[in-house]
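**Student:** Provided herewith is a single structure, encoded as structure tokens, for subsequent inquiry.
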Ligand code: NCD
């Protein structure tokens, strides 16, 4: 599972259905021994922990892998690390890495790979948990209006969600500092000011400023407070949202920057629901990836 947009609509729907069943209490355990590891070359709280929990719920053997104490620090390449883990007996690796499409390197290695986030590229498990959260709320994607707000250019969540949401028939709107948009980012999307966007959409999806990906000329010269007032979801803007519209955010959240502190846990917020759904979405993804390699669950 490398890019959600490469999956057919049927396959996306099957993942959503499996995730929904897991969320309603369905249990499945791996038949026989399956060994998996989570390799996170970039920081993570939610994605790494929820893959870990999802793996344990499915009865998989989780082999700890600490990048900071591995031979990566002795100059071992990503290819050699994965080839080594395959030789030792691992069946699946979840990998997060700053290099876009890092997974292209592993074509010759017979191991299941799940993309835990590749640079500014894709974040498939976030896509599935976000789709799941939207579907729980609205029961459909066709005709739904989703506004993605903030550092769109540097966010793998924004880019991969926009692609898959459009594929499923939703209309995607963007907002945020214009310096973080280029033609490529908003293909088939519509740019609106934040004040117009909040009135228009069913979902306001906020993004953290991706400081770690900014070149010196991309750094925003605004204080957090000014950013919040110009581009953020303030308490006033929340009041202008449609009656049943919801707030989403992949987190980590910078309270008071892209979203007002008080709104993080407000009635419209589905932010912690997204995290809850993340475990079930990842169970569905793990099951699908392992079944494709011939493993079975009962
Ligand atoms: C996101 C990521 O890593 O792309 N986090 C996540 O997985 N929930 C978003 C971010 O870091 O801002």
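Including glycine, each Cβ sits where the backbone N, Cα and C put it.
Okay, these came from TrEMBL:
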- 2-136: domain 'Aspartate/ornithine carbamoyltransferase carbamoyl-P binding' (DOMAIN)
- 46, 47, 96, 123, 126, 251, 252: carbamoyl phosphate binding site (BINDING)
- 74, 156, 208: L-aspartate binding site (BINDING)
- 142-287: domain 'Aspartate/ornithine carbamoyltransferase Asp/Orn-binding' (DOMAIN)
**Student:** Nearest to residue 96 (carbamoyl phosphate binding site) by Cα distance: which of the binding-site residues 74, 156, 208 is it?
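**Tutor:** That would be 156, nearest by Cα distance.
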**Student:** Given the binding-site residues 46, 47, 123, 251, which one's Cα is the least distant from that of residue 156 (L-aspartate binding site)?
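**Tutor:** It is 123, whose Cα lies nearest.
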**Student:** Would you measure the largest Cα separation among 46, 47, 96, 123, 126, 251, 252 for the carbamoyl phosphate site and round it to whole Å?
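**Tutor:** Overall maximum Cα spacing for these binding residues reaches 16 Å.
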**Student:** Is residue 156 (L-aspartate binding site) helix, strand or coil when read with DSSP?
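**Tutor:** Helix, per DSSP.
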**Student:** If you measure from the C-alpha of residue 208 (L-aspartate binding site), which of the binding-site residues 46, 123, 126 fall inside 10 Å?
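**Tutor:** The binding-site residues close to residue 208 (L-aspartate binding site) (Cα within 10 Å) - there are none.
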**Student:** Between residue 46 (carbamoyl phosphate binding site) and residue 74 (L-aspartate binding site), find the distance joining the two CA atoms and give it rounded to the nearest Å.
**Tutor:** 28
**Student:** For the binding-site residues 46, 47, 74, 208, 251, which sit with their CB under 6 angstroms from an atom of ligand 1?
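**Tutor:** With ligand 1 as the reference and 6 Å as the Cβ limit, the list reads 46, 47, 208, 251.
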**Student:** What residue among the binding-site residues 46, 74, 156 has the most other CB atoms lying within 10 A of its CB?
**Tutor:** 156
**Student:** Could you tally the C-beta atoms, other than its own, that fall within 10 angstroms of the C-beta of residue 123 (carbamoyl phosphate binding site)?
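**Tutor:** Result for residue 123 (carbamoyl phosphate binding site): 26 neighbouring Cβ atoms inside 10 Å.
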**Student:** A 10 Å Cβ contact count, applied to the binding-site residues 96, 208: which residue has the minimum?
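**Tutor:** Minimum Cβ neighbour count within 10 Å, taken over the binding-site residues 96, 208, occurs at 208.
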